[in-house]
Every structure is written in structure tokens, then in C-alpha cells.
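A short worksheet on the structure shown next.
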């Protein structure tokens, strides 16, 4: 898998965590660096682990002979479906975001958000098993990219950038749809 695809995929799955970090960052009032690092770390770890789990599930199914004939369609549908859902969610979520008034990063809500934003990475990991992508490289890239973007997102949110979260999710969704289309297109040409 080309490096540019790895980076685009990583940015695509990190979009939800980035948007959540912006929202959470609006509530961080003290210990900004420490709390932003904790939040970004939680998101990064989840985004690194979930595609590995998804890849393991997908690998089992990818080895079944009847699925090999349609593996490119499965990867496309998973990526396009996740991307479309991200775009839908960006326009159909409540404006009332659950923020913490004290500015503290409470562990339980942060873990729940980490899990919720990484479900997409689980599905992407499943899709990547069908195209035999290098999951360790992808998982590390997804985790690191999510960590960095979440750190930036928390900082942006703290400094009044809450209005960018929804658009980040839309762009991430479009990237995933584009990558799914690229997998399908490459398979049909090759």
C-alpha cells in the first residue's frame, strides 16, 4: 500500500477523534497541555488497537474462497459505508456536545469517546484484511496520526475553534469513500 494511501486512511479515520477533541477542548480550562495529551493518548491508543482487531476478524473471512472473488467490493463497501456514515453524522448530530465544565479529562467519558470514535477504524481494519494491507504499519500510522490530530484538535477547541469539528468529519468521510473507490478501481483495472 503506497505511503500516501496510508496517510490518507490514517487522516480519514482520525477525523472523528479530531472533531471530538475540538469539542472537548472547548471545556479544558486548566492544565491544558496535560489534559490534551491524556485525551489525545486515549484516542490514539484506541485508533491503533481497533484496526488490528478488525483486521483479525476480516482476515478470517478473507481466507474463505467465495469471499476472495468479491474482496475488493467488501473493502470498498466498508470504507464507503464508514465514510458515508461520517458525513451523515456530521450533519445530523445534536449541537449539544457533552463537555466537562470543570475542564478535567474524566477517564470514563474519554474512554467511551475513544471507543466510539474508533469503531470506524475497526471496520477499516476488516476491509484492509481483504486487500492484504500491512496492518501493523497501518495501525501505527492511524494511532500516531490520531494522537497528533487529537492534540491539535484539543488545542483548537481550547482556543475557540469548535466550529471546525463537523467539517473535519465530512472531509474524513470523503477521504474514506475516495480510498474505497481507489481500491475498487485498482482491482478492476488489474
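Every residue, even glycine, has its Cβ placed from backbone N, Cα and C.
The transmembrane segment annotation in Swiss-Prot falls on one of the ranges 90-110, 111-131, namely 111-131. Beyond its flanks by at least six residues, the transmembrane segment (37-57) meets 13-14, 17, 20-21, 24-25, 105, 110-111, 113-115, 117-119, 121-129, 133, 135-136, 138-140, 142-148, 150-151, 154 of its own chain at Cβ-Cβ distances under 8 Å.
Same-chain neighbours of the transmembrane segment (111-131): 1, 9, 12-13, 16-17, 20, 24, 42-43, 45-47, 49-59, 61-62, 67, 71-72, 74-76, 78-79, 81-82, 85-86, 138-139, 142, 176, 180, 183, counting only residues six or more beyond its ends whose CB sits under 8 Å from a CB of the stretch.
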